[in-house]
Amino acid sequence: MAIDPNFEETHENEGTEHGVDVWGPTEPPEQLGVRGTHVAVDFDICVADGACLEDCPVDVFEWVETPEHPESERKANPTNEAQCIDCMLCVDVCPVDAVDVDPGRENRL
Ligand code: SF4
């Protein structure tokens with residue numbers, strides 16, 4: 001299952017964590033929701049592959065620890081999403097389609 005690109009409509013904004021919006025419902029540690037807005041990562045799909053961290057030319061992603069999450073115990077958080085240049089590399093390299101980038105969403109530079 002890939003990230004829902006319409007998460008702004010299908011999920012509820014629960015505030016912020018690690019500098020980005022949280023789109024729930026969440027029930028930590030098992031259910032963490034979608035994180036970010038311009039650059040969004042579905043933490044419940046992310047397997048901590050790390051390709052997005054390695055390939056992003058402007059270092060948008062940072063690891064955050066997510067102990068006891070069933071998919072992985074760390075996640076690629078789009079901490080610096082305001083720096084995104086919309087190259088779409090992260091979307092292309094993610095092996096589980098956990099990332100969605102939409103320059104039309106808020107937080108764009
Ligand atoms: S679209 Fe490009 S610049 Fe934006 S977060 Fe993904 S890899 Fe980084």
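Think of each number as a place in line: the chain as shown, counted from 1.
Glycine residues also receive a Cβ, built from the backbone N, Cα and C atoms like all the rest.
Please treat TrEMBL annotations as automatic predictions, because they have not gone through curation.
Under the heading region 'Disordered', TrEMBL lists 1-29.
Same-chain residues lying 6 or more positions outside the compositional bias 'Basic and acidic residues' (8-20) and placing a CB less than 8 Å from one of its CB atoms are 26, 33-37, 62, 64, 77-79, 81, 105. Feature annotation from TrEMBL assigns compositional bias 'Basic and acidic residues' to 8-20.
What TrEMBL lists as domain '4Fe-4S ferredoxin-type' is 37-66 (among others). Long-range Cβ contacts of the domain '4Fe-4S ferredoxin-type' (37-66) within its own chain (Cβ-Cβ under 8 Å, at least 6 residues beyond either end) map to 1-4, 7-8, 18, 20-21, 23, 29, 31, 72-85, 87, 89-90, 93-103, 105-108.
Marked as domain '4Fe-4S ferredoxin-type' by TrEMBL: 75-104 (among others). Mean per-residue pLDDT, taken over the domain '4Fe-4S ferredoxin-type' (75-104), amounts to 97.
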